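Student: According to TrEMBL, the record shows the following:
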type	residues	note
DOMAIN	8-267	domain 'Thymidylate synthase/dCMP hydroxymethylase'
BINDING	137, 138, 177, 178, 179, 180, 188, 218, 219, 220	dUMP binding site
ACT_SITE	157	active site, nucleophile
ACT_SITE	157	active site
BINDING	180, 275	(6R)-5,10-methylene-5,6,7,8-tetrahydrofolate binding site
Ligand SMILES: Nc1nc(=O)c2c([nH]1)NC[C@@H]1CN(c3ccc(C(=O)N[C@@H](CCC(=O)O)C(=O)O)cc3)CN21
Ligand SMILES: O=c1ccn([C@H]2C[C@H](O)[C@@H](COP(=O)(O)O)O2)c(=O)[nH]1
């Protein structure tokens, strides 16, 4: 069983057995047929993944990790908010006729800000500080720009990263305000684990801990039977993560720079409905 499996089992069991339902409340998300998409939730889950120990991917079902990496590169490297720059179709429902998801995600990371050292966007600021000010306690990004929220088709869920260098180890906190446990929990963990690996390699550091802080960790009503079934699956050990060691420029990574050795997830045939 991977560490990611153990935490997923523990989190989902806790949500299903002790969580709070919002069935009696007015909720925003809808199923495809227009029915309100209710959830059961726990508030304030904190999961720690040590990237020195293993790569945090689920084996209880397949995580489409290459598609997740594509989305990560779309946001952090291309700094795009247009689904035409993205291979997968996971954002299609939130895009307008031109393919834009509004001033969200990559758009926010691409905005240049004035700093004492000159103009930089948030990603370049992180790269600069990891290289020149590793002892800094101010290395963080934020996508939650209140001024632009009214122009985002969906508000950022995984909205902030805090980076911290301890010795030669790069640790990070991923702050997430809202988490769809079935569709995107491991998807988000895999993405930000890969990001920590990438930033560590180009900064001459060793990837350490990824601490995932989730405010509202929920399971949608129509996902409950799927999760119950998943929790009875037989897990496997975590695969080995490999990254092209010759890449020293953050912007030179491609989806082909990453591979997993020995990823054998349990079979999973269900189609996951996504609440819009
Ligand atoms: N309700 C909801 N849950 C989410 O997880 C979510 C949103 N909305 N809105 C924005 C993005 C889109 N995300 C998504 C959307 C779809 C899948 C999905 O369909 N996953 C499938 C197939 C993936 C594939 O074929 O590559 C899966 O089996 O995980 C995952 C994340 C994550 N976010
Ligand atoms: O990266 C992501 C993006 C989205 N989600 C989920 C979390 C919620 O279920 C919905 C967003 O709905 P809100 O009402 O805006 O919270 O999308 C995710 O888990 N991870």
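From the backbone N, Cα and C atoms, a Cβ is placed for every residue, glycine too.
Structural setting of the listed features?
Tutor: With a 10 A radius on its CB, residue 180 ((6R)-5,10-methylene-5,6,7,8-tetrahydrofolate binding site) counts 22 other CB atoms from all the protein chains.
When other Cβ atoms within 10 Å of the Cβ of residue 157 (active site, nucleophile) are tallied across all protein chains shown, the result is 18.
In the three-state DSSP scheme, residue 157 (active site, nucleophile) is classed as coil.
Residue density at residue 275 ((6R)-5,10-methylene-5,6,7,8-tetrahydrofolate binding site): 21 other Cβ atoms are found within 10 A of its Cβ, drawing on all protein chains shown. Mapped onto three states, the DSSP output places residue 275 ((6R)-5,10-methylene-5,6,7,8-tetrahydrofolate binding site) in coil.
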Student: Going by C-alpha positions, which of the recorded positions (157, 180, 275) is nearest residue 219 (dUMP binding site)?
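Tutor: Nearest in space to residue 219 (dUMP binding site), counting only the recorded positions, is 180.
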Student: Within 10 Å of the Cβ of residue 179 (dUMP binding site), how many other Cβ atoms are there?
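Tutor: 24, counting other Cβ atoms within 10 Å of residue 179 (dUMP binding site).
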Student: Cα distance, residue 275 ((6R)-5,10-methylene-5,6,7,8-tetrahydrofolate binding site) to residue 179 (dUMP binding site), nearest Å?
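Tutor: Here the two Cα atoms are 12 Å apart.
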Student: Out of 157, 180, 275, the recorded positions in the record, which is closest to residue 137 (dUMP binding site) when you go by Cα distance?
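Tutor: The smallest Cα gap between residue 137 (dUMP binding site) and any of the recorded positions is with 157.
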Student: 10 Å Cβ neighbour count around residue 219 (dUMP binding site)?
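Tutor: Residue 219 (dUMP binding site) is surrounded by 25 other Cβ atoms within 10 Å.
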Student: Given 137, 177, 188, 219 as the binding-site residues, which ones have a Cβ positioned under 6 Å from some atom of ligand 2?
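Tutor: Within range of ligand 2: 188.
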